[in-house]
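Feature annotations, reproduced from Swiss-Prot:
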type	residues	note
MOD_RES	2	N-acetylvaline
DOMAIN	3-147	domain 'Globin'
MOD_RES	45	phosphoserine
MOD_RES	60	N6-acetyllysine
BINDING	64, 93	heme b binding site
MOD_RES	83	N6-acetyllysine
MOD_RES	94	S-nitrosocysteine
MOD_RES	145	N6-acetyllysine
């Protein structure tokens, strides 16, 4: 669950409805892989991730980024039940993929950077604060199975 006021929820959902999940998803995942290169070990099957240019040109990074943000969008539709929404993904990442749950926070922060870059002045301090709450809630829900 994310503690947003009714006005904050309305603002977050309005901005989210403008997000190009393919573009922003690929960029957010790409940034994660470049800024935190140790995360690349989970994506060895993606091919060449040897340079930032290779990461951002990688079709598999773009496709998986879109998949990630599409799933994130499902969470946006269920802000009051994030743990339920992400229960199966939490189990997958914990039991099968063995992803360090700290990576969910890192990816959330990359998403905030990408949204700020794409939306400029529209992504003001208020919107930033709201989205930090959302990405923290999603990261917490994804880490739920680990507890």
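Don't overthink the numbers, they just go from 1 along the chain as shown.
Cβ coordinates come from backbone N, Cα and C, glycine included.
Worth saying up front: this structure is predicted, and the values here are computed from it rather than measured.
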Rounded inter-Cα distance in Å - residue 83 (N6-acetyllysine), residue 2 (N-acetylvaline): 10
Residues of the domain 'Globin' (3-147) by DSSP state, where helix covers H, G and I: 116 helix, 0 strand, 29 coil
Predicted model, mean pLDDT over the domain 'Globin' (3-147): 90
Of the recorded positions listed as 2, 60, 64, the one whose CA lies nearest the CA of the residue listed as 'phosphoserine': 60
All-chain count of other Cβ atoms within 10 Å of residue 83 (N6-acetyllysine): 16
